[in-house]
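A short worksheet on the structure shown next.
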Amino acid sequence: MLLSGLKVWTSRSLWIHRLHEGINGGGKARYSSCSPKVCIVGGGPAGFYTAQHLIKARPDVTVDIYERLPVPFGLVRFGVAPDHPEVKNVINTFTQTARHERCSFYGNVNVGKDLSVTELQEAYHAVVLSYGAEGNRRMGVPGEDLSGVYSAKDFVGWYNGLPSCRELGPDLSCETAVILGQGNVALDVARVLLSPIDLLKKTDITQPALEVLEESRVRRVLIVGRRGPTQIAGTVKEVREMVNLPNTRPDMLASDFEGVKEALKDLPSPGNEHERLEKASRVWGLRFYRSPVEILADPERSSRTAGIRLAVNKLEGSGEGARAVLTGEMEDVSCGLIISSIGYKSLSIDPSVPFDSHRAIVPNNMGRIQEAPGLYCSGWLKTGPTGVIATTLNNSFDTARSVLEDMDSGTLNTSAAKPGSQSINALLEKRGVKPVTFSEWEKIDSEEVRRGAAIGKPREKLLTVEEMLQVAGK
């Protein structure tokens, strides 16, 4: 272990030494005479972390970031829960990167539609795809297209102001909601459904979502997972936030915790909180060892959901490797709202880029896209939707290192000058596409903060692309 750690440290130190001191003698780094130009597709955490590492590591690299929406930051803006402002502080780091003299941001550019990846490859020495996972994993059960059934991605996008989810209009007139999946996103959704409205009013949740939640009749939320308490995907922090949520009480099934002493110690115990729990008007519960089999239609309104049929599972094996196996037992749960939080998935945006549709990733080796020299990937497109923002940081830095190693070794030919954004902007102008620069995004940012301040919120997000472009001066 010590030896392998020493090898990693030595190779990394050597790499940094070569980078800073140069390997061509006289303390001069052996860089090509022309400036390497790198294009990044996707302005979320993976894109910005990749850009940050490239810019810091080599003083001659220029980076252009292209983003489909007029606004940057991806899931930090549209995925992080509104009551987790501390997680959004990473935007400060991304802003520093975007303002760097060797970095440019171009929003409102849809690669795959406004531009092809091949056109980007012609203009840049390297193209890094970092556009994330904007698709939904389907449950694959009868009834999942009934009204009252939503993906967590769309539901989160709705309350966080993602333009494509603005018209979602979830019906919260039922008493019981079922969330399928027990990761952090599932727990975020449960918390938003049950949070006192006065708490949400102090966040950057959108005003239309706030108004719908204020009228919500949801009083009970069940968070369902196919395996057991020791395999729950959510973090202890998120579970603790549910436990401490005002005016709510937990409702667990003792049978779900049989033989799981370790898990029991983290369960809330009434103790001194007996009075608070007695007064609670809302209930949440984790339900383990259950998988969806069918979404049940309302007999009186056949297009609408009235419940869900769950298969009861048992585990084979233990720990993270434990598998859920059907027991043959079924149970029905009455509910008018079902939110599927079983994962996001990446989509192919250009037929010229290799794509593994089964795993929903671009096949790659340390971020180098297979059989596509000069093409790289980072973030969820590289690994699948996994981990937290720190995971994305490491993943993106690794890809940036692969790009830099390929420049250094000559695998990536940077000897010939490339036009970069100059030719791309000419193409966009010809096609009637108006890119939004970072300084124009800052106009949108200022307007959102101004609107939020007027109603006691950190910001009030603009909800349509048209309004964003108008405020940006496009």
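Placement of Cβ uses the backbone N, Cα and C atoms for every residue, glycine included.
TrEMBL lists 37-193 with the feature domain 'FAD/NAD(P)-binding'.
The feature FAD binding site is assigned by TrEMBL to Ala46, Glu67, Leu75, Val111, Trp380, Gly387, Val388, Ile389. Around the Cβ of Glu67 (FAD binding site), 27 further Cβ atoms fall within 10 Å across all displayed protein chains.
In sequence order, Ala233, Gly234, Thr235, Glu238, Val388 are the residues near Asn184 (NADP(+) binding site), counting only same-chain partners six or more apart with C-beta under 8 A. What TrEMBL records for Gln182, Gly183, Asn184, Val185, Arg226, Arg227, Glu238, Gly387 is NADP(+) binding site.
Within the model, the domain 'FAD/NAD(P)-binding' (37-193) carries an average pLDDT of 97. Taking Gly183, Val185, Arg226, Arg227 as the binding-site residues under consideration, the smallest Cα distance to Leu75 (FAD binding site) is found for Val185. Separating the Cα atoms of Val111 (FAD binding site) and Val185 (NADP(+) binding site) is a whole-number distance of 27 Å.
Of all the binding-site residues in the list Ala46, Trp380, Gly387, the shortest Cα-Cα distance to Gln182 (NADP(+) binding site) is found for Gly387. Spatially, by CA atoms, the binding-site residues Gly183, Arg226, Arg227 include one closest to Gly387 (FAD binding site), and that is Gly183.
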